[in-house]
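> Okay, these came from Swiss-Prot:
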| type | residues | note |
| --- | --- | --- |
| DISULFID | 174-224 | disulfide bond |
| DOMAIN | 153-242 | domain 'Ig-like C2-type' |
| MOD_RES | 301 | phosphoserine |
| MOD_RES | 336 | phosphoserine |
| MOD_RES | 339 | phosphoserine |
| MOD_RES | 344 | phosphoserine |
| MOD_RES | 371 | phosphoserine |
| REGION | 316-368 | region 'Disordered' |
| SIGNAL | 1-29 | signal peptide |
| TOPO_DOM | 30-248 | topological domain 'Extracellular' |
| TOPO_DOM | 270-390 | topological domain 'Cytoplasmic' |
| TRANSMEM | 249-269 | transmembrane segment |
């Protein structure tokens, strides 16, 4: 066959058909075009024949030698009409996969379409104009039929949603990516024993099968069948029911344990830091005043009383004036024993003589010796010239 040259020729041929139809007188318009069906269905990938033929009123059914037919087939898709075949002056032109069933000239104008696709669905129009040898038109007619190309289901995909362990709920899903018309689904269990499922567990439109409260007896091979008017496709999934805890339960327990340990470690660390923060202010030493100097004093192994010494020191501090320099003439304190009588300090003389030194400690023990023996120094209050203690 000769391929169609383009839309320009299509328009010219259509104009020619209209012109020939206008030339035919009404009384001579005896041609009748026959299409037995208004709608046809075919399967994608196959072929279909669009039946069409014409008759002349008062003539035999077979074509006559004087008949000169002009035939054109059009396909309209998305508001655009396209010519798929034409037979004019003994020459046939067509698109790939399109042909006439019978050789021309013939009154049978049936059109064959091969290698069908879904996009070939739509209205097809057949137009015929018959002339005699003198070029006079014997009639013209045009009719249309609808072609619907069906698509069998594409192989579906089966999936298992959920964790199949005893007592759990799972869903088996099945989905076919392409079909025309829409498919319906059916789930069956093949092994170890055959079982067919129905609603409400089965959704025939969405292809889902809900299995609740799983048990070991529900394990097996499940087959999903996707079917429509022109075909069937299937897939399967194997369901194995676990009797132990599910993987999700184990994972949740592990994650919960790790989170608990992390929180416990955080609390311990926080408590430890708070304890250190409370200890640091307590250990700080604040120096408000300078401590008094401690004078060395002799020690005694048998005659020194520590309690009396501490009392003497306390009394001396209480009698000391809080402020001001020491008064003139005050005696310098010397270490002494609390168990012995203190000698009365002498008043300074007016003749300029130096005051007599304090008599040494009885017993012949020096102050250094007393210090080595563990004696505690005692502050002796000074006496003023008036005789009062300072």
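Cβ from N, Cα, C; glycine included.
Source: prediction; values computed, not measured.
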> Sort out the sequence-distant neighbours of residue 224 (disulfide bond) for me: same chain, 6+ apart, CB within less than 8 Å of its CB, listed by position.
156, 158, 172, 174, 185, 186, 187, 207, 209, 234, 235, 236, 237
> If I take every residue in the domain 'Ig-like C2-type' (153-242) and average their pLDDT values, what number comes out?
94
> Counting across all protein chains shown, how many other Cβ atoms sit within 10 Å of the Cβ of residue 174 (disulfide bond)?
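Looking across every protein chain shown, the total is 27.
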> What is the number of residues in the domain 'Ig-like C2-type' (153-242) that are helix, strand and coil, as DSSP sees it?
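Secondary-structure breakdown of the domain 'Ig-like C2-type' (153-242): 3 helix, 48 strand, 39 coil.
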